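*Asks:* Got a structure for you, questions after.
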Amino acid sequence: MMLPQASSFAPNVDHLFDTLLALCALVVIGVFTVMIVFCVKYRHGTDAERTPAHSHLGVELAWTLIPFFLFMGIFGWSVHLWIKLRTPPKDAQPVYVVAKQWMWKVQHPGGQREIDQLHVPAGQPIRLVMTSQDVIHSFYVPAFRVKQDVLPDRYTQLWFTATQAGTYDLFCAEFCGTDHARMRGRVVVMPPADYARWLHAHQGTGLAAQGADLFRQLGCSGCHDPQSGVHAPNLYDLYGRTVPLADGSQVLADERYLHDSILLPKKQVAAGYAPIMPSFEGRIGEEDVLALVAYLKTRTHAAEDTDEHR
Amino acid sequence: MNARTHPVPEQFDDPVQQREAATLGMWAFLATEILFFGVLFAGYTLCRVRFPEAFAEASRHTDMLLGTIETAVLLTSSCAVALSVREVQLGGRRLATALLGVTALLGISFLVMHGFEYYAEYQEGLIPSIHYTQQGVYAHGMAIFYCLYYFITGFHSIHVTIGVVLMGVMGWRTWHGAFDQDYHTPLELTALYWHLVDIVWIFVYPVIYLVGRAG
Amino acid sequence: MSTVELPLPRSYLEEGFGLRSWLLTHDHKRIGVLYGLGITFFFFLGGLAAALIRWELVTPAGDLLSAETYNKAFTFHGVVMVWFFLIPSIPSTLGNFLLPLMIGARDVAFPRLNLFSWYLYMVGGIFTLACLLLGGVDTGWTFYTPFSTMFSNSHVLMAVVGVFIVGFSSIFTGLNFIVTIHTLRAPGMTWMRLPLFVWAMYAVALVMVLATPVLAMTLSLIGLERLFGVGIFDPALGGDPVLFQHFFWFYSHPAVYIMILPAMGLVSELITHGARRRIFGYKFMVYAIIGIAVVGFLVWGHHMFVAGQSMYASIVFSILSFIIAVPSAIKVFNWTATLYKGDISFDAPMLYALGFVGLFMLGGLTGLFLAATALDVNLTDTYFVVAHFHYIMVGGAVMAYLGGIHYWWPKITGRMYSEAWARFAAILMFFGFNLTFFPQYILGVEGMPRRYHEYLPQFQVWNVLSSAGATILGVAYLLPLLYLAWSLRHGARAGPNPWDATGLEWQTASPPPPHNFDVTPTVTEGPYAYRR
């Protein structure tokens, strides 16, 4: 009844787990055996030799240093894996996750939406960009050996490459209130061809396109379009750039920066602009913010040009 | 009265041991106090890193003049209590009592000035969730600053209040001759406590009043 | 009045019989007994909550309790067991009773403060009970924000106040112990002659004094945020919920050592006595205790590997967590080596002690899995963690506490208990415990998250085993209550030193006179001089 190893990490993590388990078992068996032997041999009433034994510095140092070096070995191995676990590859495909009491809402870049389900292709690195609408949750897929807390007002990310087609349990692992135990879902891993068909069948408006619509509906374009009379940044090619701020510092325009600039525009004001943008906090949900962020990521001059030439 | 009329509690062998125990106990207690305030300073530091501009702006809304006078008042009071202990060690009584009185009065004036500050801030609309009228870019960060400000200064003022009461008790006992060259541990420990209250304020003063005013 | 004949010293139990003589006592021994009564009450109350939890989890569906009640049950279990049983268990009960006796003192340095600590403990307890009666709290004992500040509709404030107050009880107890150990040691009782239990009390007192204030302030900030909606933890207000976790674990990880260090010291006493040997490597045992207390302050971040803490911070906390495992390993090896060439008898206290070493080892080694970042990602917040800390706290601390209660029972009450029943309870407890918690390791490895009111059917087998074990464990815990109570009336009278043990506490009458010793003892050698 072992857990399936359904991601590229799983075998590596299990390998480390098994090694540590074997090591620990060895120690437990060793110490228990010695204890039992002593308990039998030196129990009251036997005529075992009982000349006083003294503490021995060498012995103490041995059982201080040997565990220490073993631990450091395990630590090194673990850190090696950990860094991989925390560094998504460049080509990882983003999928957006919004957690709320007590459900998982998933949005694919193509606009496909799911609740308590996540469809992913096998063999393709997936990067989940996650945020919470209310309290702290935790995205946990045991079969992948991955888990990441999902925090309100902040993006956390998690990446994996699923390796085996199948359906796997998804749990919320951080206590989040009354129905915490029901905040479960399924991750469906499909062969790439099936996945493409699934995407096609559930095609909605692309996430970026939804964002573009919102950009107009919410009135963002009124100020941020180049034709606008208001002095506001035009947001072209913003994503991934370094932005100088009014207080003299600089910030990388990542997902978190875009998110905060929409909800808390006055937190980090771009240099050269007046802090006149209204806050959208409480007016739009995290899913809409994600759509806007997805749109802003595609708002490049290059994309605009191809649109016009089409 | 002198040490002979102070029976040593049964758990101690002699007054020296009792004094040692009391002093160590006070130092351990002060270590605890430092951690109490330490959490607040740690919280302050992290929030300031998140909202540097707002914290500077909020700091400019504090009353630096009053803050500075308060600092001077507390430092002077610490000096007074130290002199009082010295006076008792040298065998004095009247001057020692007077100096304790001065300490207590300075403590009270510190609290009164703080009261004025709080009142002014209330009128200015600087009390988050009760009366907060700040608008604009930094309103958000400033609310956090003021939240910490009230928590830190409020917690500190509780300490000052306790200190003032202790000064009163010590003054009363000094006046009635409870202490002499040989026995004055309670007075010494009260002074130690007062110095801690003072030292904490020395950290509070720059982070609250001076942050936004450099340059 | 120089020629008046002094009456023979009565025992501390006969110093007065009225309620007043107990509630206004300054005697550390009586205060220890008062704490004993308090923590026993809370232990069974918390145990009741645990019983509800295990009962619910027999079936996958959430059918016995509603989700809300279940959440309140595990929160109550956690709050009560951590703050009202485990933290005060060994230090405030046995520590209070034994510390002055072991160092040859007449009392602790500040007896009135000691009594005040007990009152604080009771007042904190009353708040917690009031919280339960009002309808309870559902945040988990960890009070994570923003759930605890903005989203929970339960009586968070009441619970927080209770814990806040009981925190001061442990600060003052710690302060008292530090000063007592520094200043009240009998002539000749040098630092390197202190029994390891005293060393453990010293280390634990340091942790109590330096960590608890952080918890108190953090809980105050929670209260502030709930009352006024302003604060530094709520992200909606620009605050940082991860900051709360840092503050919380800065206290709560050292708090784990408040629970286990006393147990380690206590078991050292039991094993040396059971094997009638000097402890192997006394100095290393002392250094290990101090090392654990100090490094214990630097490992809190290992609770937060997946909480949004930076990758590099996690690496630092991970290596420190591996390092703190070394002194624990040293202790296990030294206990084992103490048995070598011993003259071992298996009285109930020794059975508890051996059980402790085994369970502590299993709990400690599984800690390595959680210290390894890459493995922790999968295991954290699952039943693996639940099993791990129950092995340390229940398998470790509670076994040690009960072992200590048996060992010093004759000293505390002047009576002997039934050895046969005591051995039976110890063995039953060991098996009941393993049956309860070992399946939870497996549940964790298979991915069952903790704090789940209902679960997927594939987890049922191990849950049923665990609940069955819990039933046995519950019976095993009730047994000592019965035969120890029985012994109060019917047990054989114990002499001053029924075990033929070393240590100053055995050199005075059982139960000891009000001020412990008729003549202040003078110490001429190190502890555990068993080999004659």
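The backbone N, Cα and C atoms fix where each Cβ goes, and this holds for glycine too.
Got these off TrEMBL a minute ago, pasting:
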DOMAIN    C:22-524  domain 'Cytochrome oxidase subunit I profile'
TRANSMEM  C:33-55  transmembrane segment
TRANSMEM  C:75-103  transmembrane segment
TRANSMEM  C:115-137  transmembrane segment
TRANSMEM  C:157-184  transmembrane segment
TRANSMEM  C:196-222  transmembrane segment
TRANSMEM  C:248-272  transmembrane segment
TRANSMEM  C:284-305  transmembrane segment
TRANSMEM  C:311-330  transmembrane segment
TRANSMEM  C:351-375  transmembrane segment
TRANSMEM  C:387-409  transmembrane segment
TRANSMEM  C:421-442  transmembrane segment
TRANSMEM  C:462-486  transmembrane segment
*Asks:* Using a Cβ cut-off of under 8 Å, list the residues of the same chain at least 6 residues beyond the transmembrane segment (C:248-272) that approach it.
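*Replies:* Result: 82, 86-87, 89-91, 94-95, 142-144, 170, 195-201, 203-204, 207-208, 210-212, 214-215, 218, 278-279, 285, 289, 292-293, 296-297, 299-304, 331, 335, 338-339, 349-350, 352-354, 356-357, 360, 389, 392-393, 396-397, 399-401, 403-404, 407, 503, 527-528, 530.
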*Asks:* Near the transmembrane segment (C:196-222), which same-chain residues lie under 8 Å Cβ to Cβ, leaving out any that are not at least 6 residues past its ends?
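*Replies:* Residues packing against the transmembrane segment (C:196-222) from afar: 91, 95, 98-99, 102-103, 143, 145, 148-149, 156, 160, 163-164, 167-168, 170-171, 173-178, 181, 231-233, 244, 247-248, 250-252, 254-255, 257-258, 261-262, 264-266, 268-269, 279, 282, 285-286, 289-290, 292-293, 296-297, 527.
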*Asks:* Over the domain 'Cytochrome oxidase subunit I profile' (C:22-524), what is the model's average pLDDT?
*Replies:* 94
*Asks:* Quick check: do the transmembrane segment (C:75-103) and the transmembrane segment (C:421-442) share at least 3 Cβ pairs under 8 Å, counting only pairs 6+ apart in sequence?
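*Replies:* When sequence-distant Cβ pairs are counted, the transmembrane segment (C:421-442) does not touch the transmembrane segment (C:75-103), since fewer than 3 lie under 8 Å.
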*Asks:* Any contact between the transmembrane segment (C:462-486) and the transmembrane segment (C:33-55)? By contact I mean 3+ C-beta pairs closer than 8 Å, pairs at least 6 apart along the chain.
*Replies:* yes
*Asks:* Mind checking which residues of the chain, 6+ beyond the ends of the transmembrane segment (C:421-442), have their Cβ under 8 Å from one of its Cβ atoms?
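*Replies:* Distant Cβ neighbours of the transmembrane segment (C:421-442) are 54, 346-348, 351-352, 355, 358-359, 366, 383-384, 386-388, 390-391, 394-395, 399, 402-403, 406, 462-463, 465-466, 468-477, 479-480, 483.
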*Asks:* Of the listed stretches (C:33-55, C:157-184, C:387-409), which one yields the highest count of Cβ-Cβ distances below 8 Å with the transmembrane segment (C:115-137)?
*Replies:* C:157-184
*Asks:* Six or more residues beyond either end and a Cβ under 8 Å away: which residues meet both conditions relative to the transmembrane segment (C:157-184)?
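*Replies:* Residues 75, 79, 83-84, 87-88, 91-92, 95-96, 99-100, 103, 105-106, 108-110, 113-114, 116-118, 120-121, 123-128, 130-131, 134, 137, 139, 143, 194, 198, 201-202, 204-209, 212-213, 215-216, 219-220, 222-223, 226-227, 258.
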